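Participant: My questions will all concern the structure given below.
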Amino acid sequence: MAAKNRTIKVAINGFGRIGRLVFRSLLSKANVEVVAINDLTQPEVLAHLLKYDSAHGELKRKITVKQNILQIDRKKVYVFSEKDPQNLPWDEHDIDVVIESTGRFVSEEGASLHLKAGAKRVIISAPAKEKTIRTVVYNVNHKTISSDDKIISAASCTTNCLAPLVHVLEKNFGIVYGTMLTVHAYTADQRLQDAPHNDLRRARAAAVNIVPTTTGAAKAIGLVVPEANGKLNGMSLRVPVLTGSIVELSVVLEKSPSVEQVNQAMKRFASASFKYCEDPIVSSDVVSSEYGSIFDSKLTNIVEVDGMKLYKVYAWYDNESSYVHQLVRVVSYCAKL
């Protein structure tokens, strides 16, 4: 890994929604430099999609393309178009971290191709295929990363929103069991119009339907908060918004805190990555947020019947920007190892 007194060199494999937003975020980081991008799309198209973003607005930088060089103001970035990560020149460019954001190389075997190409570490911007790969959520368990971890998963956007809620409730009150629901903006995995898809619900037009589908966040939470392993299940409702989502967590607790006590526990956990919100916000208010999770204190509630209590807590997130800033925090943390 990079020495602590020098800038770490990053390559991005896959320049889609996450890859481009990671690039935007890293432009402002003094200790991190994006050296290269690998994507099968033509560089001119990548440049256009980097500059103009329907959800997050225009990138106010001068962007040009010459041969296989993407130039942003005075900064030059190499653009490669290689299907096999093992053939990428990561050793030649002294790459410290590869951000693997294609969604294709999420197994240990796939991600390790970047290591074989000379990269020193790989951070997967998705849940990993194997549980043996360390899964981290910044500000919940990121300090478990060691210098020996060469492949890391930054989990999913929903897990990054859910994990602080589970961590706080488990630590302060103990979770017996529960379920979670994410009301989630539609994504590129869905169909714009009715068209074939392995998931028949995702086959339906994303912009005009509420689409029930799966989420791995509830089961993956045990990789981040081990004490909650096996205690949660959940699902997703994809809805017709471009970005901006909310998690509902319903749990039975070992203790019997009041709404105020639950909220105060969340407030104590607030940080640069976890916001405690007292305003009556809606999804558009969290678009482009840098917080991984935004706790909505106004929505905390309890249902009590015959002495049994069901607790509901809610947190917002921009399923693109919130996740990207969490991932970038993990990258910056790895630079210190």
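Note: Cβ is positioned from N, Cα and C throughout, glycine not excepted.
Just lifted these from Swiss-Prot, have a look:
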ACT_SITE  Cys157  active site, nucleophile
BINDING   Arg17, Ile18, Asp39, Lys83, Ser125, Asn319  NAD(+) binding site
BINDING   Ser156, Cys157, Thr158, Thr187, Arg202, Thr215, Gly216, Arg238  D-glyceraldehyde 3-phosphate binding site
SITE      His184  site 'Activates thiol group during catalysis'
Participant: Give me the count of other Cβ atoms within 10 A of the Cβ belonging to His184 (site 'Activates thiol group during catalysis').
Facilitator: 25
Participant: Which one is it, among the recorded positions Lys83, Ser125, Cys157, that lies nearest to Arg202 (D-glyceraldehyde 3-phosphate binding site) by Cα separation?
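Facilitator: When the Cα distances are compared, Cys157 comes out closest.
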Participant: Quick check for the class: what is the C-alpha distance, in angstrom and rounded, between Ser156 (D-glyceraldehyde 3-phosphate binding site) and Arg17 (NAD(+) binding site)?
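Facilitator: Ser156 (D-glyceraldehyde 3-phosphate binding site) and Arg17 (NAD(+) binding site) have their Cα atoms 14 Å apart.
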Participant: Between Lys83 (NAD(+) binding site) and Thr187 (D-glyceraldehyde 3-phosphate binding site), what C-alpha distance do you get in Å?
Facilitator: 23
Participant: Would you mind ranking the binding-site residues Arg17, Lys83, Arg202, Arg238 by how many other Cβ atoms sit within 10 Å of each Cβ and giving me the lowest?
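Facilitator: So among Arg17, Lys83, Arg202, Arg238, the binding-site residues given, the one with the fewest Cβ atoms within 10 Å is Lys83.
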Participant: What's the CA to CA span in angstrom from Asp39 (NAD(+) binding site) over to Thr187 (D-glyceraldehyde 3-phosphate binding site)?
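Facilitator: With distance taken Cα to Cα, Thr187 (D-glyceraldehyde 3-phosphate binding site) is 19 Å from Asp39 (NAD(+) binding site).
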